[in-house]
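K.L.:
Per TrEMBL, the feature phosphate binding site maps to Ser18, Arg58, His59, Thr198. The substrate binding site feature in TrEMBL is assigned to Met197, Asp221, Leu222, Asp223. Sequence annotations record features per position, and here TrEMBL assigns domain 'Nucleoside phosphorylase' to 12-256. For Ser179, His234, the entry in TrEMBL reads site 'Important for substrate specificity'.
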Amino acid sequence: MTGDQRTPHAELGVIGGSGLYALLDGMTEVRVDTPYGPPSDTLFIGEAAGRRVAFLPRHGRGHGLPPHRINYRANLWALHSLGVRQVLGPCAVGGLRPAYGPGTLLVPDQFVDRTSGREQTFYDGRPLPDGTLPGVVHVSMADPYCPAGRRAVLEAARGSGWEPVDGGTLVVIEGPRFSTRAESRWFTANGWSAVGMTGHPEAVLARELGLCYTSVNLVTDLDAGVETGEGVTHAEVLAVFGRNVDRLRGVLFAALDRLPRRRDCPCARALDGFTPGLPGVPEP
Ligand SMILES: [Zn+2]
């Protein structure tokens, strides 16, 4: 770890998605190494709402990493190693219902994993580079997102006059291609709300470290089976995100302010009963 002379520390984390490459001015850059390799970028630490916040651009600040190449384990590990215990994960998604058009803010309460081949656990039975062997851990994923974090984001959005969709299912596809119309119609027929490429495995990895994780979805387009035109393009996604990024940042700041200073949600107890055996991560 390099950078600031003091030991870098943050209690809250934000993993910014497409279009959100910076959070605050004047943040301190901190390079963090992990047993899983480097995270997507250096981390940025600053103060928001009187609390230390670490920001990490999920795709790297130049958007060099496609969703399937992101080192999700390194990203979550890096945040945790700085002391972060509550994470907000904003990302751009496609709406799967006509009512969820561009500019909709959705705070899902479920996800469906349609990715393939992503490293999605810290507990895979293989020794870490330092020879430590993590234990076997099966975390509950019945309710994948932090209830306190969801409440904070919903209240923050309502407080800013941006009425959010409370709940719904985010289906996460492997990408980097968008969905076919048939896939999109199938997602919609299943009652799912939005489709994205980065929502998984962040929530799982956060839970495996006992972190609170809240997914925050900004709808940038209607998915191929819902809209009637040519289908979504990446340029459209970024354009819609650009028009909404400032108010999304405002909601994130207000949500950070509302996150409880003392956790009494179940997330912190996710590893009770297991002997994880992960090294080098200090507990508060
Ligand atoms: Zn929690």
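Each Cβ is built from the backbone N, Cα and C atoms, and glycine gets one as well.
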K.L.:
Give me the long-range Cβ neighbours of Asp223 (substrate binding site): same chain, 6+ apart, Cβ under 8 Å, in sequence order.
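P.N.:
Long-range Cβ contacts: Gly94, Gly95, Leu96, Phe178, Ser179, Ser184, Phe187, Thr188, Val195, Val232.
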K.L.:
Let me know the model's mean pLDDT on the domain 'Nucleoside phosphorylase' (12-256).
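P.N.:
The predicted confidence over the domain 'Nucleoside phosphorylase' (12-256), as a mean pLDDT, is 92.
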K.L.:
Under a criterion of Cβ-Cβ distance under 8 Å and sequence separation of at least 6, what residues of the same chain contact Ser18 (phosphate binding site)?
P.N.:
His59, His63, Cys91, Ala92, Thr220, Val237, Leu238, Phe241
K.L.:
If you count CB neighbours within 10 Å, which one among the recorded positions His59, Ser179, Leu222, His234 has the smallest count?
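P.N.:
Fewest other Cβ atoms within 10 Å, among the recorded positions His59, Ser179, Leu222, His234, is found for His234.
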K.L.:
Sorry to bug you, but what's the C-alpha spacing from Asp221 (substrate binding site) to Arg58 (phosphate binding site), rounded to the closest Å?
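P.N.:
For Arg58 (phosphate binding site) versus Asp221 (substrate binding site), the Cα atoms are 20 Å apart.
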K.L.:
Of all the binding-site residues given, namely Met197, Thr198, Asp221, Leu222, which is spatially nearest to His234 (site 'Important for substrate specificity') at the Cα level?
P.N.:
Asp221
K.L.:
Where does His59 (phosphate binding site) sit in DSSP terms: helix, strand, or coil?
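P.N.:
Once the DSSP labels are grouped into three classes, His59 (phosphate binding site) ends up as coil.
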K.L.:
Which number gives the other C-beta atoms within 10 angstroms of the C-beta of Thr198 (phosphate binding site), all protein chains shown included?
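P.N.:
So the number of other Cβ atoms within 10 Å of Thr198 (phosphate binding site) is 27.
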K.L.:
Looking only at C-alpha atoms, tell me how far Leu222 (substrate binding site) is from Thr198 (phosphate binding site), rounded to the nearest Å.
P.N.:
17
K.L.:
On the three-state reduction of DSSP, what should I expect for Leu222 (substrate binding site)?
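P.N.:
Going by the DSSP assignment, Leu222 (substrate binding site) falls within a strand, counted as strand.
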K.L.:
At the Cα level, what's the spacing in Å between Asp221 (substrate binding site) and Thr198 (phosphate binding site), rounded?
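P.N.:
Rounded to a whole number, the Cα-Cα distance is 16 Å.
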K.L.:
Tell me which residues of the chain lie with their Cβ under 8 angstroms from that of Met197 (substrate binding site), as long as they are six or more apart in sequence?
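P.N.:
Pro67, His68, Thr115, Val172, Ile173, Glu174, Gly175, Pro176 - these are the non-local Cβ neighbours of Met197 (substrate binding site), listed in sequence order.
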K.L.:
Around the C-beta of Asp221 (substrate binding site), how many further C-beta atoms are within 10 angstroms, looking at every protein chain?
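P.N.:
If we count other Cβ atoms within 10 Å of Asp221 (substrate binding site), we arrive at 24.
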